[in-house]
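What follows is a set of notes on a single structure, which appears directly below.
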Amino acid sequence: MGIEKLTIIAFLVSFLFVWIITPHFLPVLRRLHFGQAIREEGPKSHMKKSGTPTMGGIVIQGGVLFSMIVMMIATGAAVLFPVIVMLFFGLIGFVDDYIKVSKKHNLGLRAWQKLVLQFGGAALIAAYTGLNPDIGTALYLPIGGGMVDLGMWYYPFTFIAVVAVVNAVNLTDGLDGLASGVTAVSMTFFAIAAIGLNLLPPAMFSGALIGACLGFLRYNSNPADLFMGDTGSMALGGGVIAVAIMTQLQFFVLIAGFVFVMEALSVVIQVGYFKMSGGKRVFRMAPIHHHFELKGWSETRVVTVFWVAAALCVALAFLVYVA
């Protein structure tokens, strides 16, 4: 069976798993009182979401994991690396979410605690992939074509890329359906690129991740019945960067995943300018999706525009990649 069909099957298995399992998972979260606590400094319109079940990232990861187990049994292909990366960062998010729901507060792990765990994971990923002959230290260049071997610079580059992407996707998860939709759209680039490169493991994993995100959207679109929480957003970030590394297309995250980049940059700019200017702000609120909310855009409009922006970025990534 061809790589295209196997990728589609991985997509369908994951999609159906999440679509079918989530309605049975929701009552469990409600019984456990795993409801989202909304931060007081956020948009006031979000206060009505308080108590919405969270940690839906468990079913997203479950869908991808189930799909990959099925596909590994069927094909014999090893898809362990992206699965382990997804589960590792998903576990960090799970601990963060569990502390939040236990304390009934929006503060989970301290920032330094999350960073220490992320740094540890990023260091292991950089070391493993750089020394892995199937991946190595060479990357595809978006401009000029060909590949460049970063040599020893690969390790700090990958370390930074992993931490940056995981946190960028995490920051994007602030509106109903935003992170799941943007991830599904952005990952289409890596899925098709992996198929073109005839790399079965990242192709199947990408298909499964897209399927899980779209299956989850049924319950996460506005008004959301379930939030993915950091359990989901950090897992998605781990999945995105893992596939980018496996396909050696890390630079293309800047294009295909530009919405994630924009979200993260808005926070960096806001915090930096706030400190340098003595309390002034560039945006009404960061990440930037909240800026548009406070300008009067409806949540659905913001999410739709960001989905379209993600699709345009993917189209641009394809143009650059083909050229």
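Every residue, even glycine, has its Cβ placed from backbone N, Cα and C.
Heads up, TrEMBL stuff is auto-annotated, nobody curated it.
Per TrEMBL, the feature transmembrane segment maps to 6-29, 79-99, 111-131, 151-171, 178-197, 226-245, 251-274, 302-322. Residues annotated as Mg(2+) binding site in TrEMBL: Asn170, Asp230.
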Interface check, the transmembrane segment (178-197) with the transmembrane segment (79-99), three or more C-beta pairs under 8 A: no
Distant-in-sequence neighbours of the transmembrane segment (302-322), which means Cβ under 8 A and at least six residues beyond its ends: 140, 142-143, 175-178, 181-182, 185-186, 188-189, 192-193, 222, 249, 252, 255-259, 289, 292-293
Selection from 79-99, 226-245, 251-274, the stretch that has most Cβ pairs under 8 A to the transmembrane segment (6-29): 226-245
